[in-house]
């Protein structure tokens, strides 16, 4: 027998253009020269003679746990013979080592393309048991009658029965006491049938674990291994577990559970859109990681229903009360708004205009800038806390029901990380040598370079936002010059399409396009940066990528909204002394009613456009790609295509597929919470989108994508603290939107302080006269030559114009300085922010304190199940000890009897 690692002395270029040696494991050399074809153990080619939906080898006994696909180099039409030979040798070494590790392989040529070869992988019982112990997989000990599916709607079964999946098709799973598998305690486990003890998802997990760690080459004393590296380098075309049947019809094999078909019928089909998700079957078929995502998405969608109802109520309150909006009536009144001449909002080309041309926008603003907005903002601050706290409880219930409470799986290092381990260091704990990819100094350099790259791309986003601002400033002048300049505002176009509206809509559309372009580019850049950073485990990799992508997406999607909400119109000066951006462009001003309506427009375009774009990507793109794949193989359509070949022509999900689904929803969560004070219909849009999103994702997984490798997961990972951070920030942003973006605080100050003496002329509290009080006077003679050349020719008999600010009029000792009204408003805004934040944060803290993360009943169930499991193991152990002791006593008696009997005789 040879040693464990036998190196073939061959100089080969690696897929990364490095030289190395092929490595074989546990090979018995019988004859031939080292490195010859005889040294490789390769799978035998078998002609397919089974059924199309068969999940077994040709013998019909061994189950297919994984499939590897490659192109036969001998049948490729290429001149790169040397490269093809190297790839073939690496693949042969890899497959040989797989067989040495106990896996069984069977190769079959494609029926549609004779260049394609499918290598079917089967894990025997001994291999499954060995790696189940290594991976700490929890397996059943005995049936468990403690677990019951609790529901908050148990009292309404007559109503919720319609929403449930058909239990005659999807039967509830039998529950078990479980424990980490140990081979030396195999008798303790509930093994009725070896073929079904490890379910298909567990078998695929184990095989993928092996595939990811088997070596195929050594370069500079560093082993290269893993199926991911072989697929990325083109040595294999694909590697995936099989779907169990066709999604549109059940399998002809009576032993097949048809789980894919059931998921499509009861979960992904459009007619099931109103039904609850079969989470247990999703978890069983796709694994806990996919299951927890759909559980979270479903729970988030359910909670959005309450927010959407309240949001629609607040919207309807504003809609039906818009005709009672006093300040809007004053804007539209020909005797008030029609007599107020507003100052130009840009230099030279912008005309003077009458206030009543903003009549339509002021009516729309009344819908969103109402008392209902304040109520809804406070409600959403409480809602987001309730959602996060109740989700923690639901997550704890799923951990118990799905048996992931004490997930003991020790996460291994990523193959990409281990492949770079070339430096030897002394472990501080074990005091033993271990290999690491870089020194401490090298790690610091990598972190610095990665942080610099992220910072650079964030600056690039900020630069794009500045570009949009410059566009706004420039195009506003163009629209002001090109649109009709009727001073009376009677032109139909001018009535509905003001320069401000045209600028806002076009800028929002361009901003959305730039966001999508930058998003596409940065996705690739973020992956490159994270790969260079080289995190050790897959969890570390995903968390690092999550923070980079979310930080970028946060700036990319929300920066334009933050600009409109908190910067636009805040630093504009006054007509006689305007503030210029970059020394050239005059800063943008808001409408007389504020920038709230523009923020609403921006949110509507970005949220709606993002939802449409994502659905196009998620639905049309994989469907078109699969359609193209089917068209290419149409010549062989009449043949019977086996299951592995059907799955190969589906789209690969990718290891980061679920990451993008989470990211999409978290960005939406930010829109729903951060700026909801300006757009109460945001939860409704999110609700409609999510109802479709659940089914679109389900349809995509079951019909368009290959089956993913099932993975364990206890929770949603790094997304939970990100949502908590958004929830905290949302309180601040909504308070500031109401205070600084809307016109609510100035109106309240006027109503309670400046409508009555000593500042006002009315005898009772009223909103009458608010418009006149909120607009300051400016003498057109004080225009600088840069702003207007001859304003008198434009205004005729008028000598003053109005602008939105609280300043003293011309001729006052402190002309154009902020008046007492301004300081009252500033004080009220600051007081409002402080009070609102403290009230909502206090309520959030109280809710978080009173609602435990794990319910009392769930804690009791977990403790009792743990106690009974330990008791069961202890009893089994005592039984074994008693049995062994009895055998020992019997043996001793037999020995004594055999020794004494001759003497007695």
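Cβ coordinates are placed from backbone N, Cα and C, and glycine is handled just like the others.
What TrEMBL annotates here:
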type	residues	note
DOMAIN	56-279	domain 'Anoctamin dimerisation'
DOMAIN	282-865	domain 'Anoctamin transmembrane'
TRANSMEM	293-320	transmembrane segment
TRANSMEM	371-391	transmembrane segment
TRANSMEM	454-481	transmembrane segment
TRANSMEM	501-522	transmembrane segment
TRANSMEM	549-567	transmembrane segment
TRANSMEM	665-688	transmembrane segment
TRANSMEM	716-740	transmembrane segment
TRANSMEM	820-841	transmembrane segment
Long-range environment of the transmembrane segment (665-688) - Cβ separation under 8 angstroms, sequence gap at least 6: 297, 300-301, 304-305, 307-308, 310-312, 314-315, 368, 372-374, 376-377, 380, 384, 550, 553-554, 557-558, 561, 565, 596, 599-600, 603-604, 606-608, 610-611, 719, 722-723, 726-727, 729-730, 733-734, 737-738, 741-742
Most Cβ pairs under 8 Å with the transmembrane segment (454-481), selected from 371-391, 549-567, 716-740, 820-841: 549-567
Sequence-remote partners of the transmembrane segment (716-740) [C-beta within less than 8 Å, at least six residues beyond its ends]: 292-293, 296, 373-374, 377, 380-381, 384-385, 388, 395, 539, 542-543, 546-547, 550, 565-566, 570, 596, 599, 662, 666, 669-670, 673-678, 829-830, 832-833, 836-837, 840-841, 844
The transmembrane segment (820-841) in contact with the transmembrane segment (293-320), cutoff 8 A, at least 3 CB pairs, sep 6+: no
Outside the transmembrane segment (501-522), six or more residues from its ends: residues with CB under 8 Å to it: 361, 457, 460-461, 464, 467-468, 471-472, 475-476, 479, 483, 549, 552-553, 556-557, 560, 598, 601-602, 605-606, 609-610, 613
